[in-house]
């Protein structure tokens, strides 16, 4: 038997005859909804009307007593919220909710975690926190339905990732990620730049690269073009300074992307939580630490497909591949000459800069005069009065060099150097881009070899040459080398008497059988004069000055070789008289 619509709201006699029913009938005996008249004892689909009015998605359970349309349910009225907060005036239906709410004002946290002691204002928050210690799952996972799993990508555990790389064993959530990753092993770059032809393994990397051609504006889709003729290759367009709007305020380096700037600024701002366990060096990113560890392990995972050579960095392999393909993406805007490396292009562009005239022709040449002897053994240079001829009155601290009115004034820096090779050698005229290269080159003329081998005493003009020489002594050392601290930080101040270990030299060196030991590196010498000359390599003392240019030397023979360069450049008949014969001055008190 089917129930009529009216039977849906039938109630017991107690409910029908109750006082609340009579009160509602007195309040609203009849309701008019459209063309239909509804009464409380005969409401049809009343809950549907109520749900549609409230905008709810599902039907709510019916009240035992039919309500008038528009009357709020019990607990939904403003008069039912008797618990009011005295701080902010917010009302609550239950007193327990008010107590929890007031803890947000007082800061009270009575629920403590038994593991770490952290406090919480609500017991449910403490329960959620304790799951971080126990590893308990908050929700039970239903058994999966038959068929392939349909879990969100971000919630797939690492152990359930179906795609694994056969080269390195790395796992991925999707097969497309595996395909992108395998290109790092194969070197495949299917995404080509339509402007310069550079390839990329990922389309997003190509998009970022294309911004370097037109700043932040992405180029329009490029139709596949024909290959340019090999006779006249077009020079690719390189990014300019105005195409890199993001500038680092610490070092001035420019970037095309803001994310690249933020990544770069980590090296300045810190912190650097990734530390190397081998050498203690710290890095801001974990990827930088991984690259650095290959220096210690010797791992070279990036192999060249042409010759099989390995590289520790992918960028180094990219540069190496250009030697096989002949690709030169870095072009000079002046002469259209292209280079495979950007650093080579920067050095080449210096050749287009006009050098400025900078020489010592504006300064007078001082006649050759002997330099005063250095302080005797056992005295400090700071206590010995300087000779007036060696006062630092002239520019650059050189003796006797007074600028002419047209030259640079006192206290002003010298004119800036410009050009490809601004640092010229006064001996042979050879130019160098860096002053450090000029200093190394000068040792060819002077014969200076300040880098000595602690094993055999052999001298070298370059520190790298000494490092190579030290490898020949590996395995054939007769005595342990001195500790590094003695080589880097001398025990004695410059000019003081070296401390000779008493265990090696008993008493004062009075006979030929005694050895004179260097207090800096422990090297032994049969004569005290050799020890004095050797000490100058540590203290930097250069008592022999050139009268032409004011350059100092630690050995008189080195100064003689240097002065021959000045005489060779000066023809006979020029000057006050014939050139004087060069004699070696032996400082008094040293030998």
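The backbone N, Cα and C atoms fix where each Cβ goes, glycine too.
Per Swiss-Prot, the feature N-acetylmethionine maps to 1; the stated evidence is a large-scale study or a structure entry. Swiss-Prot lists 1-24, 55-80, 131-160, 206-241, 372-429, 464-512, 564-591 with the feature region 'Disordered'. Sequence annotations record features per position, and here Swiss-Prot assigns compositional bias 'Basic and acidic residues' to 8-24, 55-65, 581-591. Annotation source Swiss-Prot lists phosphoserine at 12. Under the heading SUMO2 cross-link, Swiss-Prot lists 58, 150, 240, 300, 449, 583, citing similarity to another entry as support. If you look up Swiss-Prot, you'll see 83-105, 111-133, 163-185, 191-213, 246-268, 274-296, 302-324, 330-352, 423-445, 451-473, 516-538, 544-566 marked as zinc finger. The feature compositional bias 'Low complexity' is assigned by Swiss-Prot to 224-235, 379-404. Positions annotated as compositional bias 'Pro residues' by Swiss-Prot: 480-496.
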**Asked** Between residue 300 (SUMO2 cross-link) and residue 449 (SUMO2 cross-link), how far is it from one CA atom to the other, in Å?
**Response** 37
**Request:** Restricting attention to the zinc finger (330-352), give the mean pLDDT.
**Result:** 83
**Other C-beta atoms that fall within 10 angstroms of the C-beta of residue 300 (SUMO2 cross-link)** = 14
**Message:** What are the sequence-distant neighbours of residue 449 (SUMO2 cross-link), meaning same chain, six or more residues apart, C-beta distance under 8 angstroms?
**Reply:** 443, 459, 460, 461
**Request:** Reduce the DSSP letter at residue 449 (SUMO2 cross-link) to three states and note it down.
**Result:** coil
**Message:** DSSP-wise, what's the residue breakdown of the zinc finger (544-566) into helix, strand and coil?
**Reply:** 11 helix, 4 strand, 8 coil
